[in-house]
Amino acid sequence: MPENRSYNDELNFLDKIDANTWRIKKGFVPNMKVDGFFYVNDLLEKLMFDELRQHSRAAGFGGFLPAMKQIANVAALPGIVQKSVGLPDVHAGYGFAIGNLAAFDMSNPEAVVSPGGVGFDINCGVRLLRTNLDERDVQPVKDELAQAMFDHIPVGVGSKGVIPMGARDLEEALEMGVDWSLREGYAWAEDKEHCEEYGRMLNADQSAVGSKAKKRGLPQLGTLGAGNHYAEIQVVDEIFDDYASQRMGIDHKGQVVVMIHSGSRGFGHQVATDALVAMEKAMKRDKVLTNDRQLACARIHSPEGQEYLKGMACAANFAWVNRSSMTFLSRQAFAKVFNTTPDDLDMQLIYDVSHNIAKMEEHISFQLSTTLLVHRKGSTRAFPPHHPLIPVDYQLSGQPVLIGGTMGTCSYVLTGTEKGMEQTFGTTCHGAGRAWSRAKSRRNLDYQEVLDRLAELGISIRVASPKLVMEEAPESYKNVTDVVNTCHAVGISKKAIKLRPIAVIKG
């Protein structure tokens, strides 16, 4: 990598293509096979370039590389096709930036799979449940409802699940995904239809998962965890697309919904950690070179690549069972407070999307249909109307895409577009994206002030670790509306619904 290249020298490799699109040209980092691209508006653009400027001044010392460098390093991986893409919520992460997606040609024997392109929280994702309740029904019992959710769902760093499960159950759940939840009575038949991959990755093989991962996962099923994970009671604030909203069962402002954001907990983290160790050895054996050690990878068809994909699929299934379990517990909490059944409250699952995953998909590449391994890290699948992999209910409106905001700010529901299939392998943003590091948030914000501000906004909050609440304060993140509007302007997704929180449950 060029030593201490000045900020102005770096700019020579960056081209602004239109109001929202930048290209990172080959040469920005060594060995780039394809160009990098990123999508921003003026405000998000400033954040990206400030990060690059600081990195140039520090002569490359410090924590993670800037997101632009990470997007470019991914463009240097073997077997990548077309481009490495940074979405508007992109920010520095481990290996891949969070909000970075890339696709690799499955027919190319050199092509790789990289755990850093999926992340440690495999299938961290979001699901949205609708209800037939109105804000006026919920406001008088908002605190009681928040407390009931907090009591029903185990939250926080070391939280243990309440879903009874032995080692055999776990192994079955890892391979069956939502089908396990359905069999055990924790999910409704309709839930499965409204999950990405129908809630089950078929290539999952529990024998590919080490005992340490299973040991970590067993007590954590049906738990929310900490960090940016949450359950929120939200209200429909704005409807941008009447038809798409009606397909989802959302027909008026003020309708109450529930959003659950969680992943594969310690289980997914261990699967990723184990794979990185195995892949470092495989890279030496197969002489695979990368620009960044954090981009440890293995050829897709190598034993290590296949083992990781099987283990990753298990972690994805774990996360779907986890969110299904929390859906069951949320339905119970609502039923208790309103003294009725979840059925009578019409607590149907609108959709469940993954934000951290690698999947084999058919895409048109150079006018040919090609099987690609699409790595989506901090990004969301967003397939258009008529795509064969989305449910019948959404065939005419496009796949729902769930975008969680930050604590106390709005969230969005988008739909996938044809342009997204062409530009970003059917992918859009996943949320707000961090603007400050967790350490900076803790230094600059007071947790009591953050909690008081939420109370002033009329948001009922229950937090297991209040002293960590600054890390998730709105100031710590980019503005989710900027992110969503940029994706809408570029045309890779379309706005359908805006949601605002009235109660937040956090780890």
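Numbers run from 1 along the shown chain.
Cβ atoms here come from the backbone N, Cα and C positions, even for glycine.
Within the same chain, the residues at least 6 positions away from HIS229 (Mn(2+) 1 binding site) whose Cβ sits under 8 Å from its Cβ are CYS124, HIS261, SER262, GLY263, LYS506, GLY507, listed in sequence order. Summarising the annotation, Swiss-Prot assigns Mn(2+) 1 binding site to ASP121, CYS124, HIS229 and lists sequence analysis as the type of evidence.
If you look up Swiss-Prot, you'll see CYS124, HIS261, HIS355 marked as Mn(2+) 2 binding site. Using a 10 Å radius centred on the Cβ of HIS261 (Mn(2+) 2 binding site) and all shown protein chains, the other Cβ atoms total 25.
The Cβ of GLY433 (GMP binding site) has PRO88, ASP89, VAL90, HIS91, ILE98, GLY99, GLY378, TYR477, LYS478, VAL483 as same-chain neighbours under 8 Å, each 6 or more residues away in sequence. Among the features that Swiss-Prot reports, GMP binding site is placed at 228-232, 355-356, 404-407, SER411, 430-433, LYS506.
Taken residue by residue with DSSP, HIS430 (GMP binding site) is part of neither helix nor strand, so it is coil. Taken from Swiss-Prot, the feature active site, GMP-histidine intermediate applies to HIS430, supported by sequence analysis.
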Check: Near HIS355 (Mn(2+) 2 binding site), which binding-site residues out of ASN228, ALA231, THR406, HIS430 have their CA within 10 Å?
Finding: HIS430
Item checked: All-chain count of other Cβ atoms within 10 Å of ASN356 (GMP binding site) -> 30
Next item on the list: Return the member of ASN228, ALA231, ASN356, THR406 nearest to ASP121 (Mn(2+) 1 binding site) in space, with distance defined Cα to Cα and candidates limited to these binding-site residues.
Entry: ASN356
Next item on the list: Going by DSSP, give the three-state secondary structure for ASN228 (GMP binding site).
Entry: coil
